[in-house]
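Input: a single structure, listed below in structure tokens.
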Amino acid sequence: MSVAEIFERVDKNKDGKISWDEFAEAIRAFSPSITSEEIDNMFREIDVDGDNQIDVAEYASCLMLGGEGNKEDEDIVMKEAFDLYDIDGDGKISASEIHVVLKRLGEKQTIAECIAMVRAVDADGDGFVSFEEFKTMMSCNNKKLQ
């Protein structure tokens, strides 16, 4: 099952984000005796931007952090997350693709803000986020969590 498929199963109301209640329901399915406090701690750790919802990028980052997986597993999860943003499948993410995905997730970033996001990680200056640049960006996010 892919990252996107798992995310969609947990996202019961299909709004593109996982609420605390959706998260708690999924966690309790695997660990019925877990306390609400433990769920809160896990949720806060995954919810990097602090908006009280887990988006697909935060979820993918969590999977990479939490597992005992190897580099190959990490690359597979990373590629699936990248593909969610690479709408046209051309192997690179544009500012407009980021804008579309974020809009679907209920975010309100402007196209100008999305262009700034791309520029922040665009190491080769081509105006797009390559898979390698995406991996670097996600690795930086993971280090902030640890």
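Glycine residues also receive a Cβ, built from the backbone N, Cα and C atoms like all the rest.
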### Message
Based on Swiss-Prot, name the residue from E113, E133 that is recorded for the same Ca(2+) 4 site as D122, D124, D126.
### Response
E133
### Task
Tally the residues of the domain 'EF-hand 2' (34-69) by DSSP class, grouping H, G and I as helix, E and B as strand, and everything else as coil.
22 helix, 1 strand, 13 coil
### Task
Sorry to bug you, but what's the C-alpha spacing from K17 (Ca(2+) 1 binding site) to D124 (Ca(2+) 4 binding site), rounded to the closest Å?
31
### Task
Sorry to bug you, but what's the C-alpha spacing from Q53 (Ca(2+) 2 binding site) to K17 (Ca(2+) 1 binding site), rounded to the closest Å?
6
### Task
Calculate the distance in Å between the alpha carbons (Cα) of D15 (Ca(2+) 1 binding site) and Q53 (Ca(2+) 2 binding site), and round it to a whole number.
11
#### Entry: In the chain carrying E22 (Ca(2+) 1 binding site), residues 6 or more apart in sequence that have Cβ under 8 angstroms from it
V10, D11, K12, N13
